[in-house]
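Enquirer: Before anything else, here's the structure in question.
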Amino acid sequence: MLGSLSLLWLAAMTTSLVSQPQILTLEDYQEGEEDDVTVATPSLAVRCDYDRCRHLQVSCQELQKVGPVACLCPGLSREDQQPEPPRLGEVQIMAEEGYAVVHWCAPFSPVSHYWLLLWESNGAPQKSAPLNATVRRAELKGLKPGVAYVLCVVAANDAGESNVPGAEVEGPENWTGPSFGPCRKFIMPPKPVTLVYAAVGVGTALALLSCAALVWHFCLRERWGCPRRQGMAQASEAL
């Protein structure tokens, strides 16, 4: 009997030493998952360093390829559609050198190349050679002083070319197209040297006329005498 009691006491002690099972709630389970899993924060997309008015600007699609992270490009029209007209900026005139510098911005369309159209008088315009799609600036040389011109920039791709408003007018003098668009009218002023020569010529002519008037005055005076002196002489004789 004593031995059986000892066995029961030993069994009770062994049972008490065994760890009791722990009941986990759903919240405890979720906290454990949060400790093990690292949440990745998504990186914010940035715009590509693309300026459609920048000279020698590569396409935005090329910038996406070479960038360390993906960047965003402005929306463009489809490649199977003709491009929208570019926007021609101010024309910087160099009157003394006889040329002008033009600058434009690319349209929101795929462009393979540009070219310039220059109207000087009635008839067909002068067409430049094709310009690379990265070009945004060009020089117009050989312009004549005092002449009005109409300049248009045209964008082209495989689907066609952009429209040129007002291209069918008769001469730059009658052109009344919009100033904010692909075309612009400008007038080459006379060269500063020409103005100096004209001023010198006018001054010389005035000086010669003044000298001629003085000579003519003295010649008449010597021939007919001074009217004031003749009147004084007649008055003294009468006295």
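Even glycines carry a Cβ here, placed using N, Cα and C.
Heads up, here are the entries from Swiss-Prot:
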type     : residues : note
DOMAIN   : 82-179   : domain 'Fibronectin type-III'
CARBOHYD : N132     : N-linked glycosylation site
CARBOHYD : N174     : N-linked glycosylation site
SIGNAL   : 1-19     : signal peptide
TOPO_DOM : 20-194   : topological domain 'Extracellular'
TOPO_DOM : 216-239  : topological domain 'Cytoplasmic'
TRANSMEM : 195-215  : transmembrane segment
Enquirer: With Cβ-Cβ distance below 8 Å and at least 6 positions apart along the chain, what are the contacts of N132 (N-linked glycosylation site)? List them in sequence order.
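Expert: Set apart from N132 (N-linked glycosylation site) by at least 6 residues yet with Cβ under 8 Å, we have H113, Y114.
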Enquirer: Give the sequence-ordered list of residues that share a chain with N174 (N-linked glycosylation site), lie 6 or more positions from it, and have CB atoms under 8 Å from its CB.
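Expert: Listed in sequence order: nothing, so none.
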Enquirer: Restricting attention to the domain 'Fibronectin type-III' (82-179), give the mean pLDDT.
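Expert: Averaged over the domain 'Fibronectin type-III' (82-179), per-residue pLDDT gives 91.
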Enquirer: When secondary structure is assigned with DSSP, how many helix, strand and coil residues does the domain 'Fibronectin type-III' (82-179) contain?
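Expert: Tallying H, G and I as helix, E and B as strand, the rest coil: 3 helix, 40 strand, 55 coil.
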